[in-house]
Amino acid sequence: MSPSADGNQATVRQMLREVLVGREDPESFFAKCVSVLGHLETRTQFLSIIKPLSTANTRLYSVLSSLYQEYFSQVSEDDELELALALSLLEMEDHQTSTPNQLPHQPGVRDNQSSVLLNSKPKSQGKNCTQQEDAPGRGKKALLAQSRSRSKETFPEAEAHKSLHIESGDNQSLGTSQTLYVPVSSASFTIPNTVPKCEQNMKEGDVNLSVKPRHPKNRRQRRKAAIQQIVGLTRSPSAPPPVLLWFRRDLRLCDNPALIRSLELGAPVIPVFIWSPEEEEGPGVTVAMGGACKYWLHQALSCFCASLERIGSHLVFLKASGEGTEVGSSLQTLKVLAKETGAQTVMANALYEPWLKERDDVVFSSLQKEGFKCKMFHSYCLRDPFSVSTEGVGLRGIGSVSHFMSCCQQNPGAAVGVPLDPPVSLPSPAHWPQGVPLNALGLAVMPRRKDGTIIDWAANIRKSWDFSEDGAHARLEAFLHDGVYRYEKESGRADAPNTSCLSPYLHFGQLSPRWLLWDAKGARCRPPKFQRKLAWRDLAYWQLTLFPDLPWESLRPPYKALRWSTDRSHLKAWQKGKTGYPLVDAAMRQLWLTGWMNNYMRHVVASFLIAYLHLPWQEGYRWFQDTLVDADVAIDAMMWQNGGMCGLDHWNFVMHPVDAAMTCDPYGSYVREWCPELADLPDELIHKPWKCPASMLRRTGVVLGQTYPERIVTDLEERRSKSLQDVALVRKQFQQYVDKRSGCDLVPLPKRLVSEALGLSHCDGVVLAEEKQFLLPVITRMEFKHQLEDPDADAASNPYNAVLKGYVSRKRDETIAFLNERDFTASVMYEGAQRQERLEKDYRRMEGLHPSPSPRRRVRRTPTAKDKFSIVPGGAVASMH
Ligand SMILES: Cc1cc2nc3c(=O)[nH]c(=O)nc-3n(C[C@H](O)[C@H](O)[C@H](O)COP(=O)(O)OP(=O)(O)OC[C@H]3O[C@@H](n4cnc5c(N)ncnc54)[C@H](O)[C@@H]3O)c2cc1C
């Protein structure tokens, strides 16, 4: 086959995708196919091009093959030409017949909508058609081309909205066939709020304008009826039952596999959102949906419903219902909905919180038992966390992003694939089920004061964000044009928007990680550090699937016994941004007012809570879950566990509340924005107002303890030492969880990882039966290892003191950036070399040979510290009965 033929076929395949997503109708597709491939090639290749549909979408396949059969079974050239003519003129036909007088006036049809369409009819329409009718002597391709360009000219709204064809009527002669344009994004579809849900169907009523066929047995008519079924917009009793498209945290049109797949079924689609707080919350203390998140969800649902309305559909809101006193469940609600609508298929995109996955498994298996077809798609993470395996990589370094990426590289699983385009229309059911108004879900209920006035705590959040999918794409675009250029080195800056601010959109699935990855890869500036952030996100979900208790239980057993402070006043001060440390306060106020702060600031406030206030990490987690608009159980819990010293990956640093400002807010503008009472202090003192001379405070109107709080703790060094000593104490107390050889903490492994480590299949019963606990040495902060040797030493004398001092951290950032430059390949090669060394060492030991001198290695840590301990332990699994 020639390259150009290859290219043509690729074009045709691309066009076929448009048919699948409803952007093109089968007849136009076939006509274009003949035009692109030519008569002969269409005859020989068409059937093989559409062959995949014979299993994937049988209805579309049969329509296309009947189009093909019909076209090529025409014996006479005249017939062929007539068919081509008919195909090419489909867009003209409606204007011949759909005049107001000719339209049967059906109940429920809103004239104002149809009139928009009808008014746009060109005056010269009759003439155009006559010209077409005069054309039989001309070439088929020319005719098609001419017809297309004319229809664009005369019906610009059709082109603009990529209209669907809703066809009906006898096509024997051009004068009697009918095609109605259904604009999918025009104002003519706006439904007044006052129209009840059932009447909102009337927008679908436009479709009903189609005239009943006069010769139903006519061959072409039958074919068109089939097409109508494919597009799913007919109201005939034989229309396929609707599909329930269950939206959860995938509130988007772009790159939504469940949405596209349900469209491909060719049935009406009923998008539904079910609010079930009990299911969402799961076991333990997840605070899965805090106040800020619920508010975002409310707004996002409202925006998404509007997006669906623009493509001729809408979102049905439901509160989970139960039977009798039973707590409302999604399963029950779906069953009721299926009964009401006659739906036999349910589709959704998967969620990975273990309790939600369990709920989904129960829902789908129970529906399947009752004869429903159910399909779950994967799109929330780049990689399905349940499919990530440590096989071939081992457990060494588990918890770090490099280890996780190694696992993904070694066990690639399903390809990430190409993002899917959004559909331009969504077929609606004949009858919409009765939902509840969005407000009834109670997601954005504001408290009231005693006097009845509303406390609108979300006013600033509203000002700070655009909650729509378009808003997500606008942010992404803005970031890829600007912030991305500074991301590699300056993403820690609090005073400049150098990060993407996409986290809430990713959390609610308004932007898919795959879409983000593709755009980031396609951008002119492609910092590996940014792309690795998506791996961090996946890593968090992987950890949550392995350790479902992640949001409330410390992974390292000894740390559960740590002595924490119970000082509620300190906690309150931290939450309200009144600690007396301007950098911490600015961040906490930004969080309260906008629902967000950048990653660096999250580290600063987390370090302050844990290392200096000695408050348990769970308090920080819970506050974040309630106040962040991107609050994400998996990421938040992983980060707070790491910050709280008990996660898989110890942070090997502690942020100092003043020194950190040298990196993230060197000129004090961030503090000035969020703590305006300090705005007049000079740059060099704005982060430590307690050092200001009294005269300066007077001049700038700052009264410590009045206009700005006094520091709630002043003995920072002592508090750090105390924190270290507490850790040393519990590590001594629970020695069985400390690896004697390396000094690393030992973490009990979940069964899934044990099976992988032992090379067993996941469901192998042997490991489960033996009831053994397997312990793995994990990344451990170097200063803790040293402290174990000298438990009473103070933090300052610890050579591995983890506190970052201003510019040292920037240097560290640069070191890491430098290492990251080689990106993943480098770390994989490094890991590979290390594995090789280990094998060699084991071999020598077994053979009784002298150990070979170890080669010099690059160590990934703060360059100033001496390299006595390695933070990454060996990966041997020990077992305890
Ligand atoms: C204590 C603490 C708690 C956190 N809690 C959350 C949370 O609840 N929800 C949340 O989305 N992020 C959380 N993060 C991670 C990170 O701070 C935010 O994802 C980031 O600040 C969001 O801003 P951005 O979109 O501009 O990020 P960018 O730097 O532009 O990164 C792009 C995306 O990558 C992902 N990402 C970035 N950093 C991380 C990370 N460390 N771990 C996992 N994914 C990451 C996010 O989805 C983010 O939107 C937390 C970090 C800390 C230190």
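Every residue, even glycine, has its Cβ placed from backbone N, Cα and C.
Note that TrEMBL annotation is computational and uncurated.
What TrEMBL lists as region 'Disordered' is 95-172, 201-224, 843-881. What TrEMBL records for 111-133 is compositional bias 'Polar residues'. Per TrEMBL, the feature compositional bias 'Basic and acidic residues' maps to 150-168. Annotation source TrEMBL lists compositional bias 'Basic residues' at 212-224. The domain 'Photolyase/cryptochrome alpha/beta' feature in TrEMBL is assigned to 241-382. Here TrEMBL flags Tyr487, Thr499, Ser500, Cys501, Leu502, Ser503, Phe530, Asp630, Ala631, Asp632 as FAD binding site. Per TrEMBL, site 'Electron transfer via tryptophanyl radical' is recorded for Trp564, Trp617, Trp640.
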Distance-selected binding-site residues near ligand 1 (C-beta under 6 Å), from Tyr487, Leu502, Ala631:
Leu502, Ala631
Given the recorded sites Trp564, Trp617, Trp640, state which is nearest to Tyr487 (FAD binding site) when distance is taken between Cα atoms.
Trp640
Given a separation of at least six residues and a C-beta threshold under 8 Å, show me what packs close to Ser500 (FAD binding site) in the same chain.
Arg475, Leu476, Phe479, Gly483, Val484, Phe530
Just give me the nearest neighbour of Leu502 (FAD binding site) among the recorded sites Trp564, Trp617, Trp640, Cα to Cα.
Trp640
With every protein chain in view, what's the tally of Cβ atoms within 10 Å of the Cβ of Ala631 (FAD binding site), excluding that atom itself?
27
Rounded Cα-Cα span from Trp640 (site 'Electron transfer via tryptophanyl radical') to Trp617 (site 'Electron transfer via tryptophanyl radical'), Å:
6
Summed over the domain 'Photolyase/cryptochrome alpha/beta' (241-382), the DSSP helix, strand and coil counts are 61 helix, 28 strand, 53 coil
Taking the Cβ of Trp640 (site 'Electron transfer via tryptophanyl radical') as the centre, count every other Cβ atom within 10 Å, in any protein chain shown.
27
For the FAD site made of Tyr487, Thr499, Ser500, Cys501, Leu502, Ser503, Phe530, Asp630, Ala631, Asp632, how many Å separate the two farthest Cα atoms?
23
Residues near Trp564 (site 'Electron transfer via tryptophanyl radical') in space but at least six apart in sequence (CB under 8 A)
His614, Leu615, Pro616
Taking the Cβ of Tyr487 (FAD binding site) as the centre, how many other Cβ atoms fall within a 10 Å radius?
21
Quick check for the class: what is the C-alpha distance, in angstrom and rounded, between Trp640 (site 'Electron transfer via tryptophanyl radical') and Ala631 (FAD binding site)?
12
Neighbour count (Cβ, 10 Å) for Trp617 (site 'Electron transfer via tryptophanyl radical'):
24
Averaged pLDDT score, the domain 'Photolyase/cryptochrome alpha/beta' (241-382):
94
Given the binding-site residues Leu502, Phe530, the candidate whose Cβ has the fewest other Cβ atoms within 10 Å is Leu502
